Amino acid sequence: LILCVVVCTAAVLGTAAGYESQLPGCPPGAYPAICARYCYSDRDCASGYYCCNTGCLNICVPKPKPGLCPSITQSPCRGNVCNNDQDCPGNRKCCGKPGCKRCYRPKKPGSCPARKYEAGPCVVYCDGDFDCPGDKKCCGGCPRLCEKPCYD
């Protein structure tokens, strides 16, 4: 009877050695050798979390904030400042390589349109993409304006 319980439990739970998550927002890394389901759908998770299938383990993880991580040129790594977007203030996102994550202002998709030379006063209407309404991006150096993005 004990043998049946062990064999049957292993068959139901499954086993895996270090599954890596491939889904956006799912935490990377190795997971326990015993597979388990702590959630079956997003409805099983608290508000602000979603059910993430890591390949072997279903767990509730914080939903990522909107926007994309900027291109990052990092100085030497000094450890994580954040583990996920919820660790960052406001609309900042947790970005970077594992072990070197920092909070950054997010970017919206698309790129800024090419500009012709503009003379006149240097006025800054935005500081980053999320200062702009809708899908507009913060573009230029001087002046900095909210503009409709180009999509390649």
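Yeah, the Cβs are placed from backbone N, Cα and C, and that goes for glycine too.
Taken straight from Swiss-Prot:
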- 1-18: signal peptide (SIGNAL)
- 19-61: domain 'WAP 1' (DOMAIN)
- Cys26-Cys52: disulfide bond (DISULFID)
- Cys35-Cys56: disulfide bond (DISULFID)
- Cys39-Cys51: disulfide bond (DISULFID)
- Cys45-Cys60: disulfide bond (DISULFID)
- 62-107: domain 'WAP 2' (DOMAIN)
- Cys69-Cys95: disulfide bond (DISULFID)
- Cys77-Cys100: disulfide bond (DISULFID)
- Cys82-Cys94: disulfide bond (DISULFID)
- Cys88-Cys103: disulfide bond (DISULFID)
- 108-150: domain 'WAP 3' (DOMAIN)
- Cys112-Cys139: disulfide bond (DISULFID)
- Cys122-Cys142: disulfide bond (DISULFID)
- Cys126-Cys138: disulfide bond (DISULFID)
- Cys132-Cys146: disulfide bond (DISULFID)
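Positions of the features from Swiss-Prot, shown on the structure.
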{"residue": "Cys39", "record": "disulfide bond", "Cβ neighbours (10 Å)": "17"}
{"residue": "Cys60", "record": "disulfide bond", "Cβ neighbours (10 Å)": "16"}
{"residue": "Cys77", "record": "disulfide bond", "Cβ neighbours (10 Å)": "13"}
{"residue": "Cys82", "record": "disulfide bond", "Cβ neighbours (10 Å)": "18"}
{"residue": "Cys94", "record": "disulfide bond", "Cβ neighbours (10 Å)": "21"}
{"residue": "Cys95", "record": "disulfide bond", "Cβ neighbours (10 Å)": "23"}
{"residue": "Cys100", "record": "disulfide bond", "Cβ neighbours (10 Å)": "16"}
{"residue": "Cys112", "record": "disulfide bond", "Cβ neighbours (10 Å)": "15"}
{"residue": "Cys122", "record": "disulfide bond", "Cβ neighbours (10 Å)": "10"}
{"residue": "Cys146", "record": "disulfide bond", "Cβ neighbours (10 Å)": "16"}
Comparing the Cα of Cys138 (disulfide bond) with the Cα atoms of the disulfide-bonded residues Cys35, Cys39, Cys77, Cys82, the shortest distance belongs to Cys82
Same-chain residues six or more away whose CB lies under 8 A from the CB of Cys45 (disulfide bond)?
Cys39, Cys51, Cys60
In whole Å, how far is Cys126 (disulfide bond) from Cys142 (disulfide bond) when you measure between their Cα atoms?
11
Suppose we draw a 10 Å sphere around the Cβ of Cys69 (disulfide bond). How many other Cβ atoms does it contain, all chains included?
17
Taking Cys139 (disulfide bond) as the reference, which of Cys35, Cys52, Cys56, Cys82, Cys126, Cys146 (the disulfide-bonded residues) have a CA within 10 A of its CA?
Cys126, Cys146
Secondary structure content of the domain 'WAP 3' (108-150), with strand meaning DSSP E or B:
3 helix, 10 strand, 30 coil
Between Cys88 (disulfide bond) and Cys77 (disulfide bond): CA-CA distance (Å):
18
Cys126 (disulfide bond) and Cys35 (disulfide bond), distance between Cα atoms, whole Å
47
Rounded Cα-Cα span from Cys69 (disulfide bond) to Cys88 (disulfide bond), Å
13
Rounded to a whole number of Å, the separation of the Cα atoms of Cys112 (disulfide bond) and Cys126 (disulfide bond) comes to 13
With DSSP, how much of the domain 'WAP 2' (62-107) is helix, how much strand and how much coil, in residues?
3 helix, 9 strand, 34 coil
Quick check on the disulfide-bonded residues: of Cys103, Cys126, whose CB has the lowest count of neighbouring CB atoms inside 10 Å?
Cys103
Tell me which of the disulfide-bonded residues Cys52, Cys69, Cys100, Cys103 ends up closest to Cys94 (disulfide bond) in space, Cα to Cα.
Cys103
In this structure, which of the disulfide-bonded residues Cys35, Cys56, Cys88, Cys138, Cys139 has the fewest other Cβ atoms within 10 Å of its Cβ?
Cys35
